[in-house]
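Reviewing the structure listed below.
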């Protein structure tokens, strides 16, 4: 409710309060209406704030009482129409009116500043808004006026209209009302300081008693110009009207307060009079401005409703209507409900509720009207309208005229025929009074056997009862022609139709058809036949009855002598039949239209009947019917009698249907009567008292009049015309009695013929059934009819012949191998000279082609010589006994030759003149060209190549020194070169290599800084820079240093060292010469030396004696000690050899590690390719998946399915991006691990150098043990990784299956299944692609892990760091698994989709956040790739460091060996050099470790991004779970509704069927069915199917809008992915700057 201010108009407020108290005491319809509105924004659903609560229509005890809707501000937030608003056309300049006329504050007004919407908005004095008109400057002044129109949209009881002005109050204005939307405007109140002059009304504030109170007053009370702002006017609709105190009894005032529209007309502005001077600024200060309009009112409901509710009208507009009670109706409750007009409608008052009373229509009408006359007579004014069930009267208490009431109370139309009835009114039983000859309850037809319905009644027909339908005489009511039986005709139905005989009253069809085997239609009753029956009572035995199944497998029959019946039992589930004996079979035409009877009883089985329970077979036909046909019952454990009429009529249900002739044909030669015995598995049945009604000639009994005596035409004989007369025969022959008889035709060569076969007894050398051919060996025209028609044939062996014309006769039965008109030639496939034209006569013999010709072909061999001409199966030769050229095999194999094409390599095989490759016809060995080998000549000899030349193979000419062997590539001739060797023949060193030998060429390895170039000479000497020396130019000359600066001179202080070194070299040279001299002359002449030597000998002797003395007590002798020392020395040597072996193994491991890092480069490149493939897959498959979801949405409109598709697509996109990020992180981790391992490898090499000597043996042994331990760890880790990969795959497969199993609440179930199949097929394709991608990556990672195992032996110290990284990635993987698990749980718990709009709105924003997270994950891809490149650079550096370490290790080994040979001093120098180089390597390794730490930090940052992505995914899953629960609920609701509807349909069908099958109609049955119908109707209404469908359609529209938004978001994601793809393509494929560590 708009907040109002009342303080500026205390008098009007006090008046409203006073009136409110007065009306409250009188309980008027506007109770409390005058209380000022409070500060509130609440209220009605559409508008207003409740000032006073509603009064309910029923008290706590359920008794009706007057009720009122809540009292509200009816104008709140309604749009007001204004005919003038400032700024509407252009911005208006206006000035604010103040008491200071010398200074005015002027502003510009724009339309949006003060438009009419501010008249009814929330009024806040702290932030006022108002409507404002244009100024007097624009012409706003009398006579021009401004209208403000408020459309309330419904009639209200108006209490007051309050107007709060922002400008001074007008000098004159008017309030109008309208009581209907199309009604006239009625003045409500005039305000003017000049009432008489302006409105021609006196200035008055009240109406005197006795005057009309429903007219407007004019008052000058509120026309003063003061106050200049916030002046208020409050108009009360009942103020000053005397009858207001009795409002409930004043219809005039009740109409007065009613309004649907309010209009305020502003006629004249209040001014100070200064506008007369025309000052523009003064004119712009006068305008209308209103800050608030409030209308205090109640929804008009005439005291019969407590609230108004929004309703949708016929044209779709939303309006308020009263929620009527007291059995009232209408928007204002201004009338009674259609069936509640027993009292006249009245407005409810505080003393009289005036509740509408129901009319008494006995439940037979839905509406009535108030009949004042009826009310005056009876006290009840309800007169029923449109009575149902043909009722009439004020209370539908009697039947209409010409209707009668049945016993059940229903009125039925008499419907008496006006022609045949004496009166249109019937009696109480509905029977009309008929004229003579007329019958029927309605007198609408002639009676049986009467016709010519007319005003005088009907005439008698005189029909024969025996020939009339159902033996009841009746005729056509117009023509008088009787209704005859099927085979009867005549006006009186006293004649058989042509082709029928024996008019019989007991014959349903009247007459019996003439059978006569179809030769005539004239017959009569044959005399001498009597009615008999063929029976089987089984009094003594089985009477030759048998039993068999449908496959004629016999089944035993048991005879029960006590019950005198037969029985049989099935062994399984086969159908067993009783079969009648011969006396029931044969010619049984006399049983036509008679009965077959028997008794059947089942034992312990329930009958599962079929369509062939009783079978008749005969004349090659078979007919059958079910056991329950012709009104018979289903067999059970009781004895039942069965009767079947043998007639073709469709009512008797014999199938297939037959004509009368067809049925009689079966009976004329009845071959089997079968009665089904078993109707279940191992069923048992009993048969008794079988009877077949028939007739026999000469038997005692009643005459059988249905047996025919045929009148045969010429050529036929017999009672039934079944035989041919002499000179006639059946055609065709042996056709039986059904075939016609024709005269015998023997062409003059015989006089008689067989009547059945028609065969003539021929003479005159003729034969044939009709003597129409010459006998064998004779020729001529046997049809001539003379004895000399046939002559003997001129053929060998009296063979048959054929006459072509008068002069030509051809033999037709030549011996095998002969042909020709006289059998004078050999046939095709034979050879010889039967006439001796070429010499001696030769008989015709079969050609011998060894089965290698087509027996169906013509001309396989020469008919004279027997040479085979058309060999097949790749054979050739005179008798097809050889293989064709270019083929080999066995041409004489059985059943035909087997010659296969030579499989020769064309370029390596010799060819014949026809360019056909040749091979041995037995072995298939091809004829090879020079230096070519192989069965197909497809290979060169070892040491040869270029087989494609077509000239044989060329010699490789591989250099025996530079190649591994004499072989080369079979096509290019490239020999297999040793390391460092190149050239096609491996005969020269590669660039930067030297020393061509059997071991290959060695690398020059020229130092970069010390060499002039990298190419060395043949001795390996590199070209050194000045002051540089060494083979590799890798050291400065003496007294020079700093090779990188060009080996500059050492400081001067080193000159002393140089001098000392030269002095020592001189001394060493002299010492060397002295030693050489001693070696040349070993004799010495030194007495002193001799003396010392003697003294030493004496000491030795003493020591020897001491040794002997010391060993005398059983201890070890020195000799034994020496032996032990020798053994220990041998052991040391063995350990040393083992150490050498271990060191060699370590060197091998180092070499393999270097190879592994090369492989790592390849792995990195592969990883980049896989990343690009993943991006391409996202672009293609992601777009396709969304397109499919949109197509399904448009086609089916099922919001729940589209939500699931959208969420799955979004999740799949996020998962795929996250998977790619995980994959890149894995590559980065692998690269980091490789760097760490390289660092540890270099350090291990350094440690290995420091421990050369006595610690070498133990160090290598320890390293090897670490290798074994690490190998076990790697194997276990690989198995664990494989297990987890399988678990991930199984989880993905399970998720896919769960998605395929989800269903949505869709009405078109069949179409949904089709879509599901299509979706499953597409899902299978995607799964296959994912699996292939996973497999390719699995092989890539498996290769990397395999190579990693080889380097684990020397990387022990990296294990701890590796474990930390693994733990880090495991946490990321666990987060991903957690998100995947959440998705699975969401898919499995999909349950509800009602009221999902709010959730989906949040879902959209979450999907957006998820997309942003996915973008962040994609943005990390370039960083990851950069880290991979950095890792590659570090790997390269580590590889170079390993090369140096390897070389150092080799040098260390060599130095150790030299130490063993007593070169200790040189070894010490070398060791010192090694330590210095190792320190340099250590510094480089430390730098690598720092870079690896940085890489580890980046990995952790990436892990944080993954954690954020997990949180976003979890939020998404929660929202999806909620939406899916709603989908499940919608599905359950839909299924429940469907069940209820199906149940209702079933109930309706049952009610309908019961009504149709209701034989005797009674009130109880109808009431019961009516109750059931009402129950079904209530169930259908409770389902509220229409409301649910409408709700789903609205949600479908909402979901479609969401899908459009998601489509736009996906397009943005695709653009981002494309940008990332471009960035990825721009990255270099490898790192080209690889710094080498200082050796």
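Note: Cβ is positioned from N, Cα and C throughout, glycine not excepted.
For 359-413, the entry in Swiss-Prot reads domain 'Laminin EGF-like 2', with the evidence type sequence analysis. The domain 'Laminin IV type A' annotation in Swiss-Prot covers 533-709, and the record cites sequence analysis as its basis. Among the features that Swiss-Prot reports, N-linked glycosylation site is placed at 147, 376, 669, 862, 965, 1070, 1156, 1394, 1479, 1584. Summarising the annotation, Swiss-Prot assigns region 'Domain II and I' to 1050-1609. Look at Swiss-Prot and you will find 1-33 tagged as signal peptide.
Feature map: annotations from Swiss-Prot on the structure.
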{"residue": "147", "record": "N-linked glycosylation site", "contacts (Cβ under 8 Å, 6+ apart)": "81, 82, 83, 263, 264, 265, 266"}
{"residue": "376", "record": "N-linked glycosylation site", "contacts (Cβ under 8 Å, 6+ apart)": "none"}
{"residue": "669", "record": "N-linked glycosylation site", "contacts (Cβ under 8 Å, 6+ apart)": "586, 587, 618, 619"}
{"residue": "862", "record": "N-linked glycosylation site", "contacts (Cβ under 8 Å, 6+ apart)": "831, 869"}
{"residue": "965", "record": "N-linked glycosylation site", "contacts (Cβ under 8 Å, 6+ apart)": "958, 976"}
{"residue": "1070", "record": "N-linked glycosylation site", "contacts (Cβ under 8 Å, 6+ apart)": "none"}
Coarse DSSP state, helix versus strand versus coil, of residue 669 (N-linked glycosylation site): coil
Per DSSP, three-state class assigned to residue 965 (N-linked glycosylation site): strand
Confidence summary (mean pLDDT) of the domain 'Laminin EGF-like 2' (359-413): 92
Conformational class of residue 147 (N-linked glycosylation site) under the three-state DSSP mapping: strand
Number of helical, extended and coil residues in the domain 'Laminin EGF-like 2' (359-413), per DSSP: 7 helix, 18 strand, 30 coil
